[in-house]
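Taking it in order: structure first as structure tokens, then the write-up.
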Amino acid sequence: MQPPPMRERQRWRPEEDAILLAYVRQYGPREWSLVSQRMNRPLHRDAKSCLERWKNYLRPGIKKGSLTDDEQRLVIRLQAKHGNKWKKIAAEVPGRTAKRLGKWWEVFKEKQQRELRDRDRRRLPPPLDGDERGCAGGRYDWLLEDFADKLVNDHHRRMMAAPILPPWMSSSPSSSSSPSVTLSLASAAVAPAPAAPPPTWGGGGGGEVVVAELMECCREMEEGQRAWAAHRKEAAWRMKRVEMQLETERACRRREATEEFEAKMRALREEQAAAVERVEAEYREKMAGLRRDAEAKEQKMAEQWAAKHARLAKFLDQVAACRRWPPVEINGGGGGGPGGGR
């Protein structure tokens, strides 16, 4: 008999589930390749699909629907303990399969990451407009311009505070005065000292180096902020996991304490019932012993009374036998009397 062609991967229909359930009720959960042959109804599914359908959806005892809060906390705690070993985790979560728990964990992790991304997006400052960002076009160009302005102003203030003096004014006070000094003061043909060239920011080579260093610092700051944001997001996610694990452990400990208390109460009740049963058994045994003793005493007294009655009857019989006259003597006495002599 040729096996039926396999159906393409699609959802199971209710009639296919009914065929599979009827087969399991009749033949048990084994030999899945013989479902169509034994049930005389075409089931276009291979043995592996039938096994997975039975094990993950149709097997008795499997819970359907969303996980409860206690189950979610338990799965989070077990995942932190065992990792992604879902078969091992499913063994400790009754009514849930490894496939179901793995799918729930993927959805839960994606949801947590999406919430963290949304939260970080709300916390980041809004980007600046094009006219506010300057010529560089970066996020921190306004900071670069501020740094450049501060450097230019500081340099200008230092230059104004320390002006360049001519050589004849910067001479030491210990030098002796000479007529050349008076002549140099009165002479108008003395050439003035050359003025210091103003600093060129942005046009000279030194300004370009400073701007490049500032740009590099800004890039490093931006990379540092990205790394810090990623670390912060990871830390927030781990913190939330730790909080959920702590809550799960707290609930588990509370449940374990409740179960332990109930177990102790059951043990006390059982011990009390056993003690009552022992007392009742001892009472019944003592009552039975007293009843047996009473019956034995009564029987003994009855036997004694019967023996006394027998001895008394025997004694009476003996007394009666001793007082009875023999009939020969009575007749002889009558013949020897006066009437007999006649």
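From the backbone N, Cα and C atoms, a Cβ is placed for every residue, glycine too.
Per Swiss-Prot, domain 'HTH myb-type 1' is recorded for 1-58.
As annotated by Swiss-Prot, DNA-binding region applies to 32-58 (among others). Taken together, the residues in the DNA-binding region (32-58) have a mean pLDDT of 77 on the 0 to 100 scale.
Under the heading domain 'HTH myb-type 2', Swiss-Prot lists 59-113.
In terms of DSSP secondary structure, the DNA-binding region (86-109) contains 17 helix, 0 strand, 7 coil. Annotated DNA-binding region per Swiss-Prot: 86-109 (among others), in sequence order, evidence recorded as sequence analysis.
Residues or ranges marked as coiled coil by Swiss-Prot on the basis of sequence analysis: 253-304.
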Summarise the DNA-binding region (32-58) by DSSP state, stating how many residues are helix, strand and coil. 20 helix, 0 strand, 7 coil
Are there residues at least six beyond either end of the DNA-binding region (86-109) with Cβ under 8 Å to its Cβ atoms? List them, or say none. 55-56, 61-63, 67, 71-72, 74-76, 78-79
